[in-house]
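Colleague: First the structure, then my questions, so here it is.
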Amino acid sequence: MEEIKDHARSKPPTQSSVDSPPTSSPSSLIHSPSLARSPLLQSPDQQSPDHPAAPKPKTGPKISFISIPPPSHSPFMSQTPYVPGTPDRPMTMPPSGARTPMAYIRSRNLTPRFLTPLGSPLRKALRITKLDPTDAWLPITESRNGNAYYAAFHTLCSGIGIQALILPVAFTILGWAWGVILLTLAFIWQLYTLYLLVNLHEDHETGVRYSRYMQLANATFGERLGKILALFPTIYLSAGTCIALIIIGGSTSKIFFQVVCASTDCKAQTLTVVEWYLVFTSGAVLLSQLPNLNSIAGISLVGAITAVGYCTTIWLVSVTKGRLPNVSYNPIRIGSEVSKIFDVLNALGIISFAFRGHNLILEIQATMPSSEKHPSTVPMWKGVKVSYTIIAMCLFPLAIGGYWAYGHLIPPSGMLPALFVYHSQDLAKSVQALTCVLVIINALSSFQIYGMPTFDELESIYVTRFKKPCSWWLRVIIRTSFGFTCFFVAVAIPFLASLAGLVGGIALPVTLVYPCFMWIKVKKPKFYSFQWWLNWGLGILGTCLSGLLIAAGVYVIIDNGIKFNFFKPE
């Protein structure tokens with residue numbers, strides 16, 4: 001033993017022989033090259049008071065380490081400042097002093113699997129910024145365990161709907177060639193702006209996640225200008241779509257009842273349209289009690305399947321039944337030259353209205369975990385590509401097949417009324433009933449995802465004011481009130497679906513314009529580069545087009561007239 005001790009005294013201490021103090025980092029990080037050259041190597045007078053020095057060797061220089069906080073998931077994933085605690089259970093308290101939910105605390109105690117010497121805790125610590133802790137209490141950001149499958153379900157459910165059935169109406173004005181060309185260009189354009197929004201969700205320099213469309217708009221254009229430009233379109237695309245879904249779901253429920261009764265010779269008396277609206281709204285409100293956006297992933301999957309189902313059924317039936325007698329494909333352009341121009345612009349508004357869901361992309365991406373090595377951009381874009389491939393497989397056959405089958409004889413409301421007007425006698429009642437059921441289920445499912453941003457906004461008012469999450473009974477009141485407010489508006493303004501061209505012009509900037517300007521403002525591409533020219537060109541073109549579409553929509557309404565049947569739904 002004495003010889004061993006003498007040998008230890010004569011051998012100079014090395015880095016590996018120095019006792020390491022307790023630390024919350026993995027042992028592989030303590031001796032990594034990145035830490036060996038970092039300011040974490042300190043002199044004795046700079047030692048952390050929280051960790052005592054190792055036993056002092058008798059010879060050799062004295063080296064000590066400071067304890068570093070456990071690395072968070074990512075600066076832009078979890079941005080709450082670190083508060084010292086135990087190594088395995090660090091405390092996370094919001095700056096305001098409000099209590100953080102235990103689920104939120106537990107989620108931060110997990111050691112990230114992506115931790116490597118390349119992901120230096122020092123670099124992460126230097127980039128930590130503050131995040132509003134109330135995000136953990138709101139429906140959109142309450143759960144962040146989404147994945148590419150959830151993204152595909154939500155995107156497909158929100159990106160395709162009953163508005164796609166109106167596309168053949170635009171073809172009656174544009175004709176074959178221009179109809180296909182403009183539909184293709186609009187699809188590519190909106191897919192490009194989707195790509196921009198997905199990549200704008202996370203700012204890796206500042207460590208911020210824009211979890212809502214309005215947050216990104218306010219950060220880009222300023223709070224005042226952002227509200228002026230984006231507030232009304234996003235409100236309409238959320239609450240307005242819910243109102244339209246009540247009208248569609250209630251009307252289709254009445255048709256379904258009539259089809260079933262006609263096939264069984266039942267003597268039951270059908271409900272009125274208002275009563276069918278009420279039945280549909282009650283079902284939508286019941287489903288809306290699910291707590292957050294991730295919890296309705298299954299509902300979005302059902303909505304996506306039913307949307308693909310009724311779109312495919314309608315165009316297949318229309319094509320297999322053949323063209324109607326005396327069908328004409330000559331573009332319908334009557335009246336003065338001004339009227340013809342505005343009719344064309346109104347058709348463009350119908351095409352732009354068919355592409356919806358951009359106001360939900362950031363919200364869907366906010367439900368995913370994200371880290372510096374595994375950003376949410378990757379699974380989100382995978383989900384978007386899959387969902388929009390399926391959407392293209394539905395939209396183009398609907399537009400082309402529907403126009404081929406009905407031509408200028410297609411009803412103004414699109415393919416669904418055409419199915420019952422022209423094929424109610426020669427089409428099996430079971431197919432008619434199945435189509436109605438698919439439309440109703442899709443409307444119920446779409447109501448949930450389009451209502452979620454409004455639920456989030458209403459709950460954020462309470463959370464911001466009282467610094468605590470909404471109780472379950474308050475959530476029930478908020479969501480029930482929203483559902484029946486939409487029901488009241490649907491009964492009061494049942495002609496809302498007749499304004500598709502005008503609404504398409506108003507909502508177009510959210511889809512095609514603002515993402516281009518946001519990219520220029522946030523990403524700052526090189527002046528006069530290809531991307532700089534592309535985004536400026538698309539942004540200016542979309543702005544001009546939006547103004548023309550709004551003017552065209554107003555002109556068509558004034559010229560053709562519209563039946564303002566307030567409180568008289570049909």
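Glycine too: its Cβ is placed from the backbone N, Cα and C atoms.
Features from TrEMBL:
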- 12-34: compositional bias 'Low complexity' (COMPBIAS)
- 40-49: compositional bias 'Polar residues' (COMPBIAS)
- 145-558: domain 'Amino acid transporter transmembrane' (DOMAIN)
- 1-96: region 'Disordered' (REGION)
- 148-170: transmembrane segment (TRANSMEM)
- 176-198: transmembrane segment (TRANSMEM)
- 228-248: transmembrane segment (TRANSMEM)
- 296-317: transmembrane segment (TRANSMEM)
- 386-406: transmembrane segment (TRANSMEM)
- 431-451: transmembrane segment (TRANSMEM)
- 472-493: transmembrane segment (TRANSMEM)
- 499-520: transmembrane segment (TRANSMEM)
- 532-558: transmembrane segment (TRANSMEM)
Colleague: Using a cut-off of under 8 Å between C-beta atoms, tell me which stretch among 148-170, 176-198, 296-317, 386-406, 499-520 contacts the transmembrane segment (431-451) the most.
Modeller: 296-317
Colleague: Does the transmembrane segment (296-317) reach the transmembrane segment (176-198), going by 3 or more CB pairs under 8 Å (6 or more apart in sequence)?
Modeller: no
Colleague: Mind checking which residues of the chain, 6+ beyond the ends of the transmembrane segment (532-558), have their Cβ under 8 Å from one of its Cβ atoms?
Modeller: 189, 192-193, 196, 338-339, 341-346, 348-349, 352, 499, 501-506, 508-509, 512-513, 516-517, 519-520, 525-526
Colleague: At a C-beta cut-off of under 8 Å, are there same-chain residues at least 6 beyond the transmembrane segment (176-198) that contact it? List them, or none.
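Modeller: Sequence-remote neighbours of the transmembrane segment (176-198) are 167, 170, 216, 329, 348, 351-352, 354-355, 358, 361-362, 365, 377, 380-381, 384, 388, 392, 395-396, 399-400, 403, 511-512, 515-516, 518-519, 535, 538.
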